[in-house]
């Protein structure tokens, strides 16, 4: 589903991402772990075609991000952490519909999908209200619906629970697990070890732009012990 | 570039902008009401002041022998003569508008056909005093002419000997309302260029830096709409908002001029034909497109709303320089070379349209050059939108 092949990204002389390779299969959640500035967001931005790789490429659902960026974008959904990034003066439905339209969905398709997501995320009460006065949790649900409205096969989560309270974090985590159940390939970037341990099948640790570990969670525990945090600090500190 | 995506972005941005009370109030409503209020208040107050002063001229006359001139002035309906012990002080303090010192021997001088000297004391820092001084001077002039007339008559000479040439003025302008058009040709290009520049600013700030600040830009870049479709959709909505803002400013200005009364020439007809208005509208639209693209490029570079506003303010000064540069140019004798100068060419072509000149060469040059400016501005916006360092500048 996702095949990252020798991706590199330089910002002037700084190597933000340095020749990374990993794969993500259908129904698999891969945790991209790293400290701030390690290259997680740059990697996700390259996979999402927002940034052009300096070298290397990635195949998303069989489409090369350099050759067919439009096809790649139609196959990915992305959810960012921090601010939900919604248009406050539009209603929740208009926010979701805008992204459905920009992803080339026809009227029937988008209406059906929006109705399904509204039901699934329990948003019936406020879907036709402007999002400006929504709570953080309500906004997060709209952002989730927006990211998945076009039925992407691949989901990218860039620190999606950053700054969220426990309830809102739970909504996001449940959504990630529901994506797994729908057999989507998922990349989940975070620096919360607990979250990674709870959600991921496999972890890829990235440090100073390079992958320093890539293994299944169970194998990781076997190799480094049960304490994820200690293992991570040990690994990153050694390099 | 995808036309369908451009229209989706355009429709959404316009809805979003029109729902923003701040943008609607600042961009459309305030320009619509500020001029009628401002011009109306200034006009009415100036008009009221003029009326008040000219209808009741408070003056003091120092005349020891009760001269005929003093009697003549006192007999005027709008003059009130008040007593004053210190004329200079009373004028300074505004108790009287003007003081007149008529010499003791004035009647003798007039009788002997000599010249007499009258002193007018007024305050040149006071509008009322200046106005009163002019009215009194013209009354004295009138009185003086009567004396000359009687002197000539006593010698059997016709009074018309003093005016060997009579001037009869005839206006050569094709249409009526020449003065009104002249005033408009001074004011309108300046206003239109300034509004063409500032009109799209609020929308450009919101759709560039605002999008970054809200965190909505990144999700947008992951959709199937390419960056160019996003850019052109945004440019289109900025242009429409800018045009709406400019139109409301001009409507406000027109209402303001009317509300201001005779002080701003509001009692004159505007006399702009629909064709003139359409032609002017086309060129204003070109200005809006140039500045809309430039403002969006700058706005997308900025990290935040505030930063965008700081970067955009110098643009207004550049634009004003272009508009003011042609303020006093007489378009009937204008050099064609000036139609190559950005902004100045639009200002001059609008002046020409108002006066009623439709010079194909000037129209072609201005239109052509502005298409070039639009092309360059859009190219710049395109460059900024495709540059990762700009889009992800945080």
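Just so you know, glycine gets a Cβ as well, placed from its N, Cα and C.
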Looking at the candidate ranges B:158-177, B:178-197, report the one that TrEMBL labels transmembrane segment. B:178-197
By Cβ distance under 8 Å, which residues at least 6 away from the ends of the transmembrane segment (B:269-291) in the same chain are close to it? 175-177, 180-181, 184, 188, 192-193, 195-197, 199-201, 235, 239, 242-243, 246, 254, 315, 319, 343, 346, 349-350, 353-354, 356, 358, 366-367, 370-371, 373-374, 377
Look at every Cβ pair spanning the transmembrane segment (B:311-329) and the transmembrane segment (B:178-197), keep those 6 or more apart in sequence, and say whether at least 3 of them are under 8 Å. yes
